[in-house]
Amino acid sequence: MDQNITNRKIQHLEIALNIDVGERCNEIYSGIKLIHQAFPNCDLEKIDLRTRFVGYELQYPIMITGITGGVPELKGINEKLALLASKHRIALGLGSQRPMLINRNGEIVETYRVARKLARDVPLIGNIGFNTLQDLSLIDIEFLIDIIEADALAIHLNPTQEVFQPEGDTRFGSRSLDKLIEISEHLDIPIIVKEVGNGLSMETVKVFYDIGIRIFDVAGSCGTNWVIIESNRLKHNSVRRDIAGLFIDWGIPTPLSVIETRWVNTDGIVIASGGVWDGLKAVKNIVLGSDLVGLARPVLERIVNRGLEEANLFIEKFVESMKIAMFMIGAKNLEDARRKPVVLDNRIISYLEQRGIDYKTYIERVRFGISN
């Protein structure tokens, strides 16, 4: 594989694990009030978090979103992620599969394929960048899908990351969109459109909704900050490194991106990711209209620094806090949770109004999947 890509993937992990690159948005979450029910009318031990996703029943509405792949030295990470996903029956996303197209030898491919070998009973999500689609053929895409037996293909949008990446590719015009339309007409698995850390706006969602996409992963600006990661890789005398600080807070916070995405994608699936690193935040996003939640860095950090057992413990604590939060609002299951009352503070309501989203219509209809 291209040594530059190998170095980049290793550097990404090192920076993400050793520099403070997020969790943010505590102020936003404090403005989302779930209503305590002293009579929950349910038993904690009977709270049901099961859901269906791309043909599978998940035990919990959680996806480990794409982290890595393509570097033999990092194969062990995907092995452990697959074991984790299989144990808890949650979905697993892979990192960008572009290295598989640059070098199709067994060692590179195996860093991805190992995930399917160890996680046969959960959804496995492939991954390729939107801006690279214009360079690929349908045969290339089918290779990426078939070699790992993917259940869905994530197309990631990452313009902010690419701007500050030393090797960045900022071709985000219509050629890749045209290619996505062509690809989507031939694939027999769902396509997921996802951000990587700056959130999806309703304008962006509408572009892809109008061509038939019905699964969106918002990856809002509350978690891992790719401006910080990539700017740390730029030379110290680089103009873009010097101006990166202007864009550290760039993007749409995760809960707001969930609302913007659901406002358009009323009949599809919304995944809330981007700093959703505890069960209470997860339940707040589900009450606001998401179907699943996604996370990466907390699991990665535990696998790399503390071991698989600690990663398992993290998921157990995450799930337990979800169940407790649902119990406190009187929600027996996920569908029930989406119909529970929620109060948003004036800053959030003002944001929605300025974005043309009617607050009452959203809370009373759209978050349930009823068209506005």
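We number each residue from 1, going along the chain as drawn.
Here the Cβ of each residue, glycine as well, is placed from N, Cα and C on the backbone.
Automatic, uncurated: that is what TrEMBL annotation is.
According to TrEMBL, the features are:
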type    : residues                                                                  : note
BINDING : Arg8, Lys9, Ser96, Gln97, Arg98, Gln161                                   : substrate binding site
BINDING : Thr65, Gly66, Ile67, Thr68, Ser96, Asn127, Lys194, Thr224, Ala296, Arg297 : FMN binding site
BINDING : Glu162                                                                    : Mg(2+) binding site
DOMAIN  : 176-340                                                                   : domain 'FMN-dependent dehydrogenase'
### Query
How many Å lie between the Cα of Lys9 (substrate binding site) and the Cα of Lys194 (FMN binding site)?
19
## Note on the structure
Going by C-beta under 8 A and a gap of 6 or more residues, the same-chain neighbours of Arg98 (substrate binding site) are Ile5, Gly70, Ile128, Gly129, Thr132
## Note on the structure
Neighbouring CB atoms within 10 angstroms of the CB of Ala296 (FMN binding site), all protein chains considered, total 25
### Query
Rounded to the nearest angstrom, how far is the Cα of Glu162 (Mg(2+) binding site) from the Cα of Ser96 (substrate binding site)?
14
### Query
When the Cα-Cα distance from Glu162 (Mg(2+) binding site) is computed for each of the binding-site residues Arg8, Ile67, Gln97, Lys194, Ala296, which gives the smallest value?
Arg8
### Summary
Counting other C-beta atoms within 10 angstroms, the emptiest spot among the binding-site residues Ser96, Gln97, Gln161 is Gln161
### Message
Of Thr65, Ile67, Lys194, Ala296, which is closest to Arg8 (substrate binding site) if I measure between C-alpha atoms? They're all binding-site residues.
### Response
Ile67
### Query
In the structure shown, which of the binding-site residues Arg8, Lys9, Lys194 has the fewest Cβ neighbours within 10 Å?
Arg8
### Query
When the Cα-Cα distance from Gln97 (substrate binding site) is computed for each of the binding-site residues Thr65, Ile67, Lys194, Ala296, which gives the smallest value?
Ile67
### Query
Can you count the other CB atoms that lie within 10 A of the CB of Thr65 (FMN binding site)?
30
### Query
According to DSSP, which kind of secondary structure is Lys194 (FMN binding site) found in, if we only use helix, strand and coil?
strand
### Query
Can you tell me the mean pLDDT for the domain 'FMN-dependent dehydrogenase' (176-340)?
97
### Task
Tell me the Cβ neighbour count for the residue listed as 'Mg(2+) binding site', meaning other Cβ atoms within 10 Å of its Cβ, over all protein chains shown.
19
